[in-house]
Amino acid sequence: MVDSAGKISKGLISNKNIRFISFRYLIYAVQFVNSIFIAKYLGPYLFGIWGFILLVVQYLTQINLGIPHALNVKLATFEGKDGTQQVNNFSNALLLMLLHSLFIFLLICALSFTQISILVKYNFYQFLFFAGIIAILQNLGLVFVCIYRIKNLLQPITLYQACVPLLSLLVCFFWEGEKLLYALLYSQLLAYIFCLFVFVKQSPIQIKLKYQKDVLLSLLKSGLALLLYSASFYFIMIITRTFVSYYYRVEDLGFFSFALSLAQAVFLALDTISFLIFPKLINRFKYQQGAQLYSQVEVVRKNYTIAAYLLIFGFMLGFPVVMLFLPEYASSYKSFALLAISMAMLSSSFGISTLLIAFNRELLLGKIAFAALAINFLIAWILAKFSVSFFMIGFAPLIAYFVYSLMLEYFYNAIFIEKKRNFSFKRVFNFRLLVPALLLLAGILLDIVMLQPLAYALLLILNYRDILGLKELAITLIKNPSVFKI
């Protein structure tokens, strides 16, 4: 028993991936504290302005031709096999991103001569160039993150992910109100410039801005297919926030943005694991088939989904404590519940989406995501037109993710299992997780307090064995660092 504990402790210390995960969790804790401090010292109105600035930055970073996504897949494919191809793909990806940066700059310049009503509503023109430059720096940083990620060089990535939240936390101690808003923007600029300098200086792949038509076209072809997926997928939340920003008060966007920032902060814990194992899954799924492939996918889905629901339930329990410090944001609670549970529902499709990418089915994945985006847009528009409470706009992504997961399951059966009739709703949404989640959501939205402890009890009773199974998986990850390597 003692020897086993000693081995685990040694694994924790020696495994750089575990150190990376631990440090990222520390950074996520800082980001969580940031959300609270920024919300407190800006207030709902200015937090709405801040949320709109970040919304525009997201628009500019998501429409990036899918280059970082394509590069990630290309590098994972050639890792350990063809170094020249890696150099060529990285160099042409960087060239494409520089051209995209020029496009963003010209777009921002053109917008500065306009008077668009929603931009005026959020006083955005004074922050226009901040948003454009931050988006450019983020896009360039994403290209470099791909190569460090594939090479399993985690320290520069850790630096990249730590700089912005740490500087943001620092400025919260010195300014508040509009001065804090500007301080946050300057801190982001400084952080991204510094990290880009480090990325370029320590690049593990030689930088050659050499145009190669075949490589560039291959990146664009793969990137645009992945862009259809990633842009549609991420635009579900972006479009949802856009409807809130357009049809509701600035303060309401502040409440909604606060709820979303907390929901996303919760899922960053899972994102750390998926960030490390995604290249491994691409590489592994690519060369497996039949029962072995099916088994791998189901293991990933099962454990990822259970972890997602446990995270959400745990944070739901702690949300009222947050409200003790930020009583003015109490209106965010119902939005948070809808957004968080919609993300938990989405977790069941993680392994399938990775599988489709591994088998070059990015275009199909993109079409599925686009269909979900269209559903989200339609529902959000209908809800906004009926002037429902702003938190109810959160039903749009909930339903969109529900349909998205069902469509993925259908094509998963049709393509890889080759049995369309094998479609199972229960396999997409585990009733032992879904029923407690919907019960908890109903309790929060309908203000029925007694439903909430019942939901927690059901979650623990129905999933007791699976929860214990996560412990064994965690020990395996600690003892076996090769799990994270390609």
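Keep in mind that glycine also has a Cβ here, set from the backbone N, Cα and C atoms.
According to TrEMBL, the transmembrane segment annotation covers 21-39 (among others). Tertiary neighbourhood of the transmembrane segment (21-39): same-chain residues 47, 50, 158, 161-162, 165-166, 168-169, 172, 180, 184, 254, 258, 261-262, 265, 268-269, 272-273, 276, 322, 325-326, 329, selected by CB-CB distance under 8 Å and a gap of 6+ residues from either end.
Annotation source TrEMBL lists transmembrane segment at 45-65 (among others).
Under the heading transmembrane segment, TrEMBL lists 94-118 (among others).
If you look up TrEMBL, you'll see 124-150 (among others) marked as transmembrane segment.
Sequence annotations record features per position, and here TrEMBL assigns transmembrane segment to 157-175 (among others).
According to TrEMBL, the feature transmembrane segment maps to 181-200 (among others). If one looks beyond the transmembrane segment (181-200) by at least 6 residues along the same chain, the residues whose Cβ comes under 8 Å of a Cβ in the stretch are 38, 42, 46, 49-50, 53, 127, 130, 133-134, 137-138, 140-141, 144-145, 148, 156, 159-160, 163-164, 167-168, 170-171, 174-175, 207.
The transmembrane segment feature in TrEMBL is assigned to 226-248 (among others).
The transmembrane segment annotation in TrEMBL covers 306-326 (among others).
Per TrEMBL, the feature transmembrane segment maps to 338-357 (among others).
What TrEMBL records for 364-384 (among others) is transmembrane segment.
Among the features that TrEMBL reports, transmembrane segment is placed at 390-412 (among others).
Annotation source TrEMBL lists transmembrane segment at 433-462 (among others).
Contact between the transmembrane segment (433-462) and the transmembrane segment (306-326) is present: at least three CB pairs lie under 8 Å, with pairs separated by 6 or more positions in sequence.
Counting Cβ pairs under 8 Å to the transmembrane segment (157-175), the stretch among 45-65, 124-150, 226-248 with the most such contacts is 124-150. Stretch with the largest number of CB pairs closer than 8 A to the transmembrane segment (364-384), among 124-150, 226-248, 306-326, 338-357, 390-412: 226-248. Packing against the transmembrane segment (306-326) from elsewhere in the chain are residues 36, 39-40, 258, 262, 266-267, 269-270, 333, 336-337, 340-341, 343-344, 347, 433, 436-437, 440, 444, 452, 455-456, 459, 463, 466-467, 469-470: each is 6 or more residues past its ends and has a CB under 8 Å from a CB in it. Among residues of the same chain six or more beyond the transmembrane segment (390-412), those with a C-beta under 8 A of the stretch's C-beta atoms are 233, 236-237, 240, 243-244, 248, 252, 255-256, 259, 297, 331, 334-335, 337-339, 341-343, 345-346, 348-349, 352-353, 355-356, 364, 368-369, 371-373, 375-377, 379-380, 383-384, 420, 423-425, 427-429. Long-range neighbours of the transmembrane segment (338-357) within the same chain, counting only residues 6 or more positions beyond its ends whose Cβ lies under 8 Å from a Cβ of the stretch, are 73, 226, 229, 237, 259-260, 262-264, 266-267, 270, 274, 278, 281-282, 285, 293, 296-298, 300-301, 304-305, 307-309, 311-312, 315-316, 364-365, 391-392, 394-395, 397-398, 400-402, 404-405, 408-409, 411-412, 416, 428-430, 433-434, 437-438, 440-441, 445.
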